[in-house]
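**Student:** Here's a structure for you.
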Amino acid sequence: MSSWLLRLAFYQCSTPIGGPNMNLKDEYIIKNTFEDGAVVYFKCNVGYQPAGGSGKITCTAGLWSPVLLECEKKSCGAPTEVEFGQYGDTTAEFGDTVKYECKKGYNLVGNSVLRCEDQGWAGREPTCEVIRCVTPDGVVNGTFTPLEEIYEYNSVVKYDCNKDVVRNGSSELVCSEDGKFHPDPPTCVCKWVECRDPVITHAVYERGSRPPHRYKASVTYSCEKGYNLQGSSTITCTIDSQWSPALPSCISKSSIGNPSICFVYKMKFRFVYSLLIQNDNKVCLSLSITTCSK
């Protein structure tokens with residue numbers, strides 16, 4: 001009887017050891033010994049799948065048959081493409097993660113990171129929604145266009161001030177990445193702007209504003225005959241109630257670039273009279289005494 005028990009124990013197998021990334025099926029885990037002729041099965045671990053061979057082994061005379069099962073990582077396949085978004089490089093195998101980012105001007109809604117798990121990509125794919133800005137603030141004594149309920153990224157609104165009111169700040173605002181318009185809206189200032197009526201000697205009014213000259217009013221001048229214009233012919237009334245550029249002037253043509261002209265009359269006397277016409281058109285008579293040759 002004892003010999004039979006020894007023989008029986010000799011032919012029993014201990015708990016088998018499988019290959020990489022596999023384990024015994026659940027029903028065999030609690031057993032420490034297996035009788036001669038017992039059959040057990042290995043299965044791939046979570047996240048792995050059979051790549052070949054069988055998970056079945058048999059206990060024969062105290063030895064297990066070879067484990068032929070091979071297990072490889074599961075693949076989740078390429079992540080889902082997201083409109084207006086992109087994701088980084090990934091091998092898409094079990095345990096890998098992928099991170100989504102949205103293009104400029106779009107906000108990511110949902111999970112930015114997905115993980116490759118046993119049943120595929122875990123988590124809901126995100127979406128990329130265009131950034132929107134609420135209607136910007138209005139201004140007193142002014143308006144802006146266009147007027148919408150919602151403005152999308154990069155939308156532009158333009159501000160205009162009422163007549164005789166001066167804008168202080170940028171005329172255009174842009175819907176930016178933070179969901180706000182930038183820069184800040186301008187203000188329309190009720191500033192009294194009036195430039196004095198220009199006084200330009202020998203100038204002739206051509207066209208433009210008549211008094212009172214308000215902000216941005218412009219006037220164009222020319223010069224009377226015999227005079228040349230020096231400076232800009234058109235001037236504009238600025239926010240500081242000053243003309244810009246500076247007032248031009250009208251310069252006499254005879255005083256521009258002409259040298260002095262001297263007429264000398266010689267007579268057969270001991271006197272020589274010199275008539276000198278200078279740049280300012282003044283006439284000078286000079287008398288000199290000399291000896292005239294015959």
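Cβ atoms are placed via backbone N, Cα and C, with glycine included.
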**Student:** Going by TrEMBL, tell me which one of C133, C188 is disulfide-bonded to C161.
**Tutor:** C188
**Student:** Quick test of reading the record: TrEMBL lists a disulfide for C250. Which of C223, C237, C284 is on the other end?
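**Tutor:** The record-listed partner cysteine is C223.
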**Student:** If you look at what TrEMBL says, which of C44, C102, C116 makes a disulfide link with C71?
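**Tutor:** Recorded disulfide partner of C71 in TrEMBL: C44.
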**Student:** For the domain 'Sushi' (131-190), what does DSSP give as the number of helix, strand and coil residues?
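**Tutor:** In the domain 'Sushi' (131-190), the DSSP-based counts are 0 helix, 28 strand, 32 coil.
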**Student:** Determine, to the nearest whole angstrom, how far the Cα atom of C44 (disulfide bond) is from the Cα atom of C161 (disulfide bond).
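**Tutor:** Checking the Cα atoms of C44 (disulfide bond) and C161 (disulfide bond) gives a distance of 75 Å.
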**Student:** Would you mind checking how many other C-beta atoms are within 10 angstroms of the C-beta on C223 (disulfide bond)?
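**Tutor:** Its Cβ shell of radius 10 Å holds 21 other Cβ atoms.
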**Student:** Quick one: what's DSSP say for C44 (disulfide bond), helix, strand or coil?
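**Tutor:** Strand, per DSSP.
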